[in-house]
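**Student:** Structure in structure tokens, see below.
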Amino acid sequence: MIRTVPVGLGERAYDVVIGPGLLDQAGERVAAVLGKRKRVAVVTDAHVGAHHGERLSAALQGAGITVDLITIAPGEESKSFEGLADLSDRLLALNLERGDQIVALGGGVVGDLAGFAAAIYKRGIDFVQVPTTLLAQVDSSVGGKTAIDTPRGKNLIGAFHQPRLVLADLDVLATLPARELACGYAEIIKYGLLGDFAFFEWLETNVQAVLDRDVDALVRAVGRSVEMKAEIVAEDEKEAGRRALLNLGHTFGHAIEAEMGFGEALKHGEAVGVGMAQAFRFSARLGLCPSQDAVRAQAAIKAAGLPTTLADVRPEPFSADALIAHCGQDKKAQGGKLTFVLARGIGDAFVAKDVDRAALKAFLVEEGAV
């Protein structure tokens, strides 16, 4: 069962193809969006490359495409200035030309880093996303956001650079650890929470089917998530308005990640899980959202085994002032004012500008920060 979701961006439109067996079809599908030279650099990490690198390379070579494989170290640490410089140097050493392409095979780190390298290499070359985590399939591979992290925060240096094609092969999820699968589910339920109550209700009763990797459930869950993101990106590519809704849970989540040092102790999807639960509780505390919706949202996130409170992340209390400072670094902030995606209810998120710092601090203290 293959589903294709178009991302409507005029001359830069592309398809997100979702379903099993897509790695084996990658040759013909990538060849269709490649230039005449038929050469690609596949960027992957050591873990993903060991599982899927040879299979993807064989499919590409079978379509007459020359393949150079670049392997980076796994983990968020690669998504840095040093990692970008190293990847750029390796691409230059290959003498990749503008008519060639980069193929990003991996999760969000690989996609973000390879996509940013594609955006700036020789002032920009095309690239293809082949996301291998559930989180990347429903979020970072779609929409053209590419970036690296800095010590001051996550994704603060980057570019908008749309892929030519996204191949979301559901078969690759078979090797994905349960923790990574739950992280992807956080981004899936985000779409229901921000704008589709019926989808949220479906997820409440089908969470286990998704986590058990049931193909029909995955096609529906990934398909609807991508469909919603594609619709929003087509309307607001560069986050001037509605696209900011996709950051539900991310302002709180990124602040927590920054305090935790962006390491393995707290994965991005887990941070988003806490952040979404906090966004709903904060909305309820401000009187914007019914308290029962905040309770229901938290229960649905928790059902996937995701953390929903600061205490779930670590026993030591967080500093409220430090979290607020990180929130001020958020890309949605304007004029030094705090901006959050909050909710009037499940399926009804909105962008709240100039959020009161005192109210935020009182909420964080209530949440267990000091």
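Backbone N, Cα and C define each Cβ position, glycine as well.
Per Swiss-Prot, the features are:
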BINDING   G108, V109, V110, G111, D112, T132, T133, K145, K154  NAD(+) binding site
BINDING   E187, H250, H268  Zn(2+) binding site
**Student:** Check the Cα-Cα distances from V110 (NAD(+) binding site) to the binding-site residues E187, H250, H268 and tell me which is shortest.
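**Tutor:** Of all the candidates listed, H268 is nearest in space.
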**Student:** Determine which residues of the same chain, besides E187, H250, H268, have their CB within 8 A of the center of the CB atoms at the recorded Zn(2+) site, and list them by sequence.
**Tutor:** L135, D139, A186, K190, G249, G253, G269, A271, V272, G275
**Student:** Closest of the binding-site residues to G108 (NAD(+) binding site), Cα to Cα, picking from E187, H250, H268?
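**Tutor:** Minimum Cα distance from G108 (NAD(+) binding site) across E187, H250, H268 lands on H268.
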**Student:** Out of D112, T133, K154, the binding-site residues in the record, which is closest to E187 (Zn(2+) binding site) when you go by Cα distance?
**Tutor:** T133
**Student:** Which residues in the same chain, at least 6 apart in sequence, have a Cβ under 8 Å from the Cβ of D112 (NAD(+) binding site)?
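**Tutor:** Counting only residues 6 or more apart in sequence, the Cβ neighbours of D112 (NAD(+) binding site) under 8 Å are K79, S140, K145, T146, A147, I148, N155, G158.
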**Student:** To the nearest whole angstrom, state the Cα distance for the pair H268 (Zn(2+) binding site) and T133 (NAD(+) binding site).
**Tutor:** 12
